[in-house]
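Some features that TrEMBL has for this protein:
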DOMAIN    A:445-733  domain 'ABC transmembrane type-1'
TRANSMEM  A:20-42  transmembrane segment
TRANSMEM  A:451-474  transmembrane segment
TRANSMEM  A:486-506  transmembrane segment
TRANSMEM  A:512-535  transmembrane segment
TRANSMEM  A:547-566  transmembrane segment
TRANSMEM  A:598-622  transmembrane segment
TRANSMEM  A:643-663  transmembrane segment
TRANSMEM  A:712-733  transmembrane segment
Amino acid sequence: MTIALKSTGPRQLKNSLAKWLITLGGISVLFTLVLIFMYLLYVIKPIFVSAEIDKKQAFEITTSENVASIGIDELKELSYVITDDGQIDYYQLVETNQHQVGEQVYSQSLLAEDITLDQIIDISIEEKLLVGENGQVQLVSPKFMSQFAKDIRTIVPNITYPLGEDPITIDQEGQALSLVSFAMNDERAVFVAFTKDNRLIKTTLIAEDDFSYDAAHEAVYQEIDTQSSHFDDILVTPDLAMVFARSGDQVFVYDLSDDYDVELKATIIPQLSQNRTKSLHITSMALLSGSSSILLGDSSGKVSQWFEVAGEEGREFKQVRTFQAADNQKITAIYTEQFRKSFYTMTATGELGLFYTTSEAELWRGQLNSIEPVHLSISPRADALISLSGKSFSIFTVENEHPEVTWSALWKEVWYEGYPEPEYIWQSTSGSDDFEAKFSLVPISFGTIKAASYAMLFAVPIALTAAIYTAYFMTPSMRRKVKPTIELMEALPTVILGFLAGLWLAPIIEKYLPAVALLLLFLPLSVFLTAYLWFKLPKEIKIKLPETLAPLLLIPALLLAAYSAFSLSPVLEHYFFGGDVRQFITNDLNIDFDQRNALVVGIAMGFAVIPTIFSMAEDAIFSVPKHLTSGSLALGATQWQTLVKVVLLTASPGIFSAVMMGLGRAVGETMIVLMATGNTPILDWNFFEGMRTLAANIAVEMPESEVGSTHYRILFLAAFVLFVFTFIFNTAAEFIRQRLREKYSSL
Amino acid sequence: MNKWFKSGSPWIWLSAAGVSISLISVLGLLWLIASRGLSYFWPADLYQFEMLDEQGRTSTVIGEVYDREEIPAKQLVHLDIQLEPGQETIERYLVKTGNRELVSLDFRWILVPQIRKTSTPENIAVIERRTNGNFYGVIESLVLDGNSVSLDKMPELLERVEAFQEEIEALQKVDIGAINYKLERLRLTERKHQLGNNLTDEIANEINTQVQILKDEYKVLEAKLMSLRDTVSRDQLVVKAMDGTLVTIGFEDILQINFNNQMNVLEKLKLFFVQIGNFITDDPREANTEGGVFPAIFGTVLMVLLMTVIVSPLGVVAAIYLHEYAGNNALTKLLRIAVINLAGVPSIVYGVFGLGFFVYMVGGNLDQLFYPETLPSPTFGTPGVMWSAITLAILTLPVVIVSTEEGLARIPSAMRHGSLALGATKAETLWRIILPIASPAIMTGIILAIARAAGEVAPLMLVGVVKMAPNLPLDGNFPFLHLDRKFMHLGFHIYDVGFQSPNVEAARPLVYATALLLVTIIVALNMTAVSIRNRLREKYRMLEH
């Protein structure tokens, strides 16, 4: 009889197919880990990329008159030039069916009839001031709007006059103006000007209603008492609080908050290091966005940032940081972005620099053209620069998405606007637009370490002693019950531990603070007392209650100790702390106290970590080969001596790796910290105060962060830091365990 | 004494204390959650306190005693309370007084020395309502369609209202919900044709007719709903509150009326179980601070099931590879490190990865490809139940791998050799011999994964959980399972109600109850897994000999 074998072909095919599929499945685990790593890196990478400026296009303009100002729309489709005689000419930047690139598409006069133009001043990207010869001005805002025809979008000019089309008299005496600065909000418009006959004047227009829908106003004129007969630059801050007037190497700051009276607030006198060959001078000045910082450029190529700082003698202006924008070249102009703290510098040789103040980052330096452009302007979205030299109009794309982040801004102290000194601060969002984001990872990394340390402080002694006893002294039958019970703790959702810590434990600890201190004393005492009592017990009872029942015998003793600690707490509070420990701590010891503090987190997170450490350490101790201990005991060592000198020594790498795993878990724990602390990012080891950890910070801020923004990417960086941190800990722990396992098997 | 110390015995006892403290904390924690959680359901005694305050005014407070505490007498010196000599603390009660329409806070502290008389009158009723929380008071009269009737009719009227309320709910949620869903689908179909430039007049007309039909249906249903609402609000209850004001409560608002003080233990026990049942099957009310947690249970279960479908094959295959196929080489070592690390990476990192990669990158691209008609509002490009399930599947993958591998390792190699020697291929051995024997271990792994996933909250906060989901991810509208929807989750419910709700004091008992539910589920799952594993170990031990 022959056995009919199934044809081997399909079987073999199935076999190898299964092999490939299973291999693929196995590798996919590795792939997942690598994918997480790479994806986090991919999101983080752009914040560390430096800025890039590239020439996009250039063309010759056909306007024949002299150009006084230039501009571009926010989508970079249409640009304009304003000539000396008040004519605005628009040039096409993208090719359409009707127009070619560089073609002049619109032209219009901006000027009122009875005004002769003297100069045009760029107030901001969207506001130009036309200054007449008789001290009259016109404020023009050459904006744009989109029109849709048959689903095709075209950008068309939309010129508005925020203060009305009629010329506004700035100087009552009708003198020509050599310098004018201007800023406005809905209620007020402030002009500060320096006249050709050397008077510094201020003109305030007070809106009758609101400038946003009605230009009607009343004017207040006044002359400012000056300390100088000549001024080179005047800048009014957009919040109408101050005016900076530069006269040579000094800057006078006047307070504008009173409509009818202008007072000198401060004088900024930069310390200019004298060069050997030529003396240094301030050559340019600009206001940084957010209206509190001023930038001064000097003839050696340095730019310094100044802002008001609360000092010993009240608020004063301080030089906060400097940038080397050019090598021994005069800074001829500083251009600041409208919404971010970036600025561009220009030298006489046409060298351009791009910097960011908060992060002290030099983002780009280089030559745009071979000569200094006559006009340079930043596009509304700060993603392009336009320049005009002679008749040549050029557009440069600027890639500068995340200038606020540098490695040093994330990890070193940064001097933020308005702060008295450099500090580590995490404050990612705020209500106002011109807010300086403070992205220091130091406070939240510190919080992570603080929370983890307190948790370990609590967990390691309990977990290790429990592991030692369970593995070495406990009877097998008891061990079978005790081990799963303690390990059950690991399965408890951390959200429940966090909830209990925040709403149950925190109020108890606050109320019975002395009891917590007493417990540290009472618990060990009660253990020793019970042990001694047992030791003194007569033999007959000892046999009935063997030492192996110690954990059970101790339970009532410990509970009793805890009970007495808690009932003694109010008495202690009454006699030693004046009836209220909390007040004693805050008032007498001058320590801040939060109800949800590091102590609560330490205990709650300690509970979460105990089973991890316990389980692994117990395994390590339990698997120490039995002949080692038998040998030691046979040589006359006591149980305890054998444990300390033989067992723990042999198992120490395993115990170490258990602690590492526990630390890894404590570092990444989110819910407990989120619920059991106030989540304030502070730098303080005080265990009566809370903290904010990396993980909790992600959980709190991620849902609100805008996709692709700097904030979003920094939160990814925080996740990456956590990932790398735990990766190192876990890999090291696993490595040690592997080595230990090999060692045991060789013994 | 010295000898005692030398023997090392005190240190052994000290290490035993570590075990004792761990045991006390585990069991204490479970006991705390159980007692607090269960007392939420137990019908409490209703007290009537006659109060005399420091200005000599009298008042009556009716309610449940929630908490008692001792406070130092010093804090209350200004109240001029008569103290016993040597008395340093004063006891006070936290009383839940309900009646939110009369007093702004439904909890108040009362000082024991100010209580003149405490009683538990049998006629006090606790009325559980749909809005405004509980009402405590004495029922004065029953108004049936404008006429006062005997109080005996109350159960009958309550049943009537309940029947109508169920009908209203069905109408609102199922029928009207379906019409709205269909209308939205039609709008999207129209938009899809528009985008594809093939919206012919024919299609447009077809859509318009359907829309018209649905709108007509809607009008009919709306009219029916209105008439039902009229019917249901026919009767009223007049109740006297603790300050003597008469309050009229419409029956449509009433869920239950109980006279806790009249009940004996059996009746209370019955009500206790009814309350537990309601908690599990009801929808939340009053911004999640009252009512049940059904949507949260449903969301948790559905998400975990989806996750299981994804994680089980992957985890088992990976474990089989590691144990049966992988050679002893660098790649295998790397793989093992990967498994350990997947287990150790903080869960919030998975949330961040899931949000960036799955939701924004994969989901965003899916929307561009398959759902251009709904843009700019995203379909899969926003957190949802599917992304949560996938994210948690990665998170729990190592749990399944480790457990399955352990099971595989315990199978005696003789069984493999036997099968191979009889001519079976490796794949056949796996499929016919190894997997069936290892199935309890696989089961253990899956159960542990489920337990882990059910308790995980941090990553879900980023990839799909919400405090209040208007629709369940599973309903009667095609395609029935809506993987793009957001969902509610028990763990997040605890966080949200306990920490984000406006009235934490009132919501706390509910949070304990929810925590108890979650702990019960997870502990039960873990115990099952552990017992399966233990039984398995015994079985293999027998196989080996």
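Glycine is no exception: its Cβ is also placed from the backbone N, Cα and C atoms.
The transmembrane segment (A:547-566) and the transmembrane segment (A:486-506) are not in contact, since fewer than 3 Cβ pairs between them lie under 8 Å (pairs 6 or more apart in sequence).
Outside the transmembrane segment (A:451-474), and at least 6 residues removed from its termini, the chain residues within Cβ reach (under 8 Å) are 482-483, 486, 548, 550-551, 598-599, 601-603, 605-614, 617-619, 621-622, 639, 643, 647-648, 655, 658-659, 662-663, 666-667, 669, 673, 677, 687, 691, 693. The stretch in closest packing with the transmembrane segment (A:20-42), judged by the count of Cβ pairs under 8 Å and taken from A:512-535, A:598-622, A:643-663, A:712-733, is A:712-733. Long-range contacts of the transmembrane segment (A:712-733) within the same chain, counting only residues at least 6 positions beyond its ends with a Cβ under 8 Å from a Cβ of the stretch, are 36-37, 40-41, 43-44, 46-47, 402, 405, 410, 428, 439, 441, 444-445, 448, 656-658, 660-661, 663-664, 667-668, 694-695, 697-698, 701-702, 705-706. Sequence-distant neighbours of the transmembrane segment (A:598-622) (same chain, 6+ residues past either end, Cβ-Cβ under 8 Å): 450-452, 454-460, 462-464, 466-468, 470-472, 483, 486-490, 492, 494, 497-498, 500-502, 505-506, 509, 516, 647-648, 651, 653-655, 657-659, 661-662, 665-666, 669, 672-673, 676-677, 686-691, 737, 740. Outside the transmembrane segment (A:643-663) by six or more residues, the chain places 452, 456, 459-460, 463-464, 467-468, 472, 609, 612-617, 619-621, 623-624, 628-629, 632, 637, 729-730, 732-734, 736-737, 739-740 with a CB less than 8 A from a CB of the stretch.
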